[in-house]
Every structure is written in C-alpha cells, then in structure tokens.
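To start, the structure itself, in structure tokens.
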Amino acid sequence: MTFFIEIFLQIIFPILLLLALGAFLQRKFSFQLKQLSTLVTNCFMPAAIFLHIYRSSFDASLLGQLLSYLFIFTVALMIIGQIMAKCLSLNKGEAATLKNSISLMNSNNYGLPVSQLVFTVNPLGVSVQIIIIIVQNILTFTYGMYNLLSTSRSIGSLLLSLVKLPVIHALLLGYLFLLFNIPLPTFIEIPLDQLAAGFIGLALLLLGAQLSQIQLKMFHRVITWSLIGRLLLGPALSFLIITLLGIEGILAQSLFIASAFPTSRNTATIALEYNVEPQLTAQIVLYSTLLSSLTVSLVIYLSYLLYV
C-alpha cells in the first residue's frame, strides 16, 4: 500500500495538479485552445518524439513483439466495442462514440508524460510509448474517423491527413538519424531540447483547460460501459496478450501501463467537429481522465510487481 501511495503521489498527483492548474487558468483567462492545441501538436510534441527516438537504443528484436501485441490488442478492443454496441442496441451515434472511446487512448498529452515520469532512467519505455502514439494517431484518423464519417469522407482524404501529421515526420526523421548514426548539430539540438522540455507541462495544462469546458449532464449508460471497457477491460486484455506472447521486462511493463490510459481527447475533438454525440463523448473523456488517476496508479503498481 505504501508503494501504491508513493506511485500516486510521485507520478499521478503531479499530473492532476497540472490538469487542475490548466482548468483554473482557462476559467480565468479563456485561452483560444485551438491555437494552443495546434502549437503543442505541431511543435512541442514532434520535438519531444524526435529526441526520444534519436537518443533511444531500441532492440530491433523487440519490434516484432511490440507490433504483434499492438495489432492483437487493437483488433480485440475493436471487437469488444462492436459487441458492446450490439448488445446495448445503441443508435449509430452512440455506437460510434462507444467504439471510439474504448479503442482510442490518450497516448499523447497524458500517456507520454506518464511514461516520461515512470521511465526516467530507461528510454526504452518512452520509445515504446512513442510508437503507441503513432499507432493511436493512425487509428484515430482511420478507424475513429470511419466510425463517424464512413459514408461522407473518402479513404484518400483520411490517408492524406495522416501523411501531414508532424508526429509522423518526427518519428521517421528520428529513426533515420538513429539508423544512420547522423550527428545532430548543437545549434539544432539545443532548441529541440528546450521545446521537448516544455512539452509535458504545456500538454497537461492544455488537457486541463480542455476538460474544464466540458458540460456535465445525466450519466448516460454509454459512459458506464465505456469506462469499463477502457479502464478495466483494457488492462486485463493487455495482461492476457503480454502473457500469451511471452513479452517480458521494460517492454511488457510499458505496454501494460499504456493499456490503462483514459479515452483520447481527440475523440471529443472529432465528435464536436462532425457533430456526432459531442457532449456524450466529452463527458466520457472527462470521467475516464479523472478515474484513470486511480486505475493508472494501480496498473503502474502491478507492473512493478509483474515485470520488474
């Protein structure tokens, strides 16, 4: 219990503090969050991702295990969401919301800061999270968008959106520089370091500001099943797949922790943009983020018992 409390105080509580500060500042100053979100997504996050990849020492033999896990885990979550939607006899909008909320995790401005705090002395854990971010971004703009817009937007336009993502460019450049051992000039590395250093704080402040704008209404049954699927079934499924694939060590720990992250804020963004249950989706993001403070703490604690 002491170790669990220590994890909560040292990893989760600082995140909650920054979320609360972001919410307070947004209430007080009413920032233009669209511009801030664009700044984080197109500047701070790519810098952090590039440097983590560039400075990592990822064992190529682990990549096969990682990709196998992500494929099985992602498909399994999609199937779970589909089964839940059928069993609950949801309308199309509610079904799309439920499926997206279970499959799409907040790996960006929640998951990456958590991983950076947990794996401060082991860059492999952060490198794994970065790959998960890329997979989740691809999933958001393919599966997530398809759920909402399967009849109104072409596959070509979805692929074009993916190609334009700065995080994709940062990932490719990072691996290119790492693979060919290309030295990074100091005059470039210093500003990248400064941008990367600001990512955690700014990303969490932004998330808190976004959550502060969510209006709470009646607790919909979709919210309940979404929380069960994302925060409980996700880690349970992850543990099962990790065990079946024989994954061990830091890789297993990082994958297990990542499975517990709350619903992606991007689900609320695209739901609002295309007017598909925006309030319901926003409430799921808020509740899952708040409850994840307990579930993620527990999963981190279990990860140390199981894989370290």
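Every residue gets a Cβ built from N, Cα and C, even glycine.
According to TrEMBL, the feature transmembrane segment maps to 7-24 (among others). Among residues of the same chain six or more beyond the transmembrane segment (7-24), those with a C-beta under 8 A of the stretch's C-beta atoms are 110, 113-114, 117-118, 201, 204-209, 211-212, 289, 293, 296-297, 300-301.
Panel annotation: around the transmembrane segment (36-54), residues 108-109, 112, 123, 126-127, 130, 133, 166-167, 169-171, 173-175, 177-178, 184, 189, 192-193, 195-196, 198-199, 202-203, 206, 209-210 of the same chain, lying at least six beyond its termini, place a Cβ under 8 Å from a Cβ of the stretch. What TrEMBL records for 36-54 (among others) is transmembrane segment.
Sequence-distant contacts of the transmembrane segment (66-85) (same chain, at least 6 residues past either end, Cβ-Cβ under 8 Å): 94-95, 98-100, 102-103, 128, 131-132, 135, 139, 143, 225, 229, 233-234, 237-238, 241-242, 245, 247, 251, 255, 259. Taken from TrEMBL, the feature transmembrane segment covers 66-85 (among others).
What TrEMBL lists as transmembrane segment is 126-146 (among others).
The transmembrane segment annotation in TrEMBL covers 158-182 (among others).
What TrEMBL lists as transmembrane segment is 194-211 (among others).
Sequence annotations record features per position, and here TrEMBL assigns transmembrane segment to 231-256 (among others).
Here TrEMBL flags 284-307 (among others) as transmembrane segment. Nonlocal intrachain contacts for the transmembrane segment (284-307), taken as residues 6+ away from its ends with a CB within less than 8 angstroms of a stretch CB, comprise 3-4, 7-8, 11-12, 15-16, 19, 97, 101, 106, 110, 114, 118, 207, 211, 214, 216, 222-223, 226-227, 230-232, 235, 239, 248-250, 252-253, 256-257, 259-265, 267-268.
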Positions on the same chain near the transmembrane segment (231-256), where near means CB under 8 A and six or more residues out: 62, 65-66, 68-69, 72-73, 76-77, 80, 102, 105, 115, 118-119, 122, 124-125, 128-129, 132, 262, 288, 291-292, 295, 299, 302-304, 306-308
Folded-back contacts onto the transmembrane segment (194-211), same chain, C-beta under 8 angstroms, at least six residues removed: 15, 18-26, 31, 33, 36-37, 39-40, 43-45, 47-48, 51-52, 106, 108-110, 112-113, 116, 265, 268, 285-286, 289
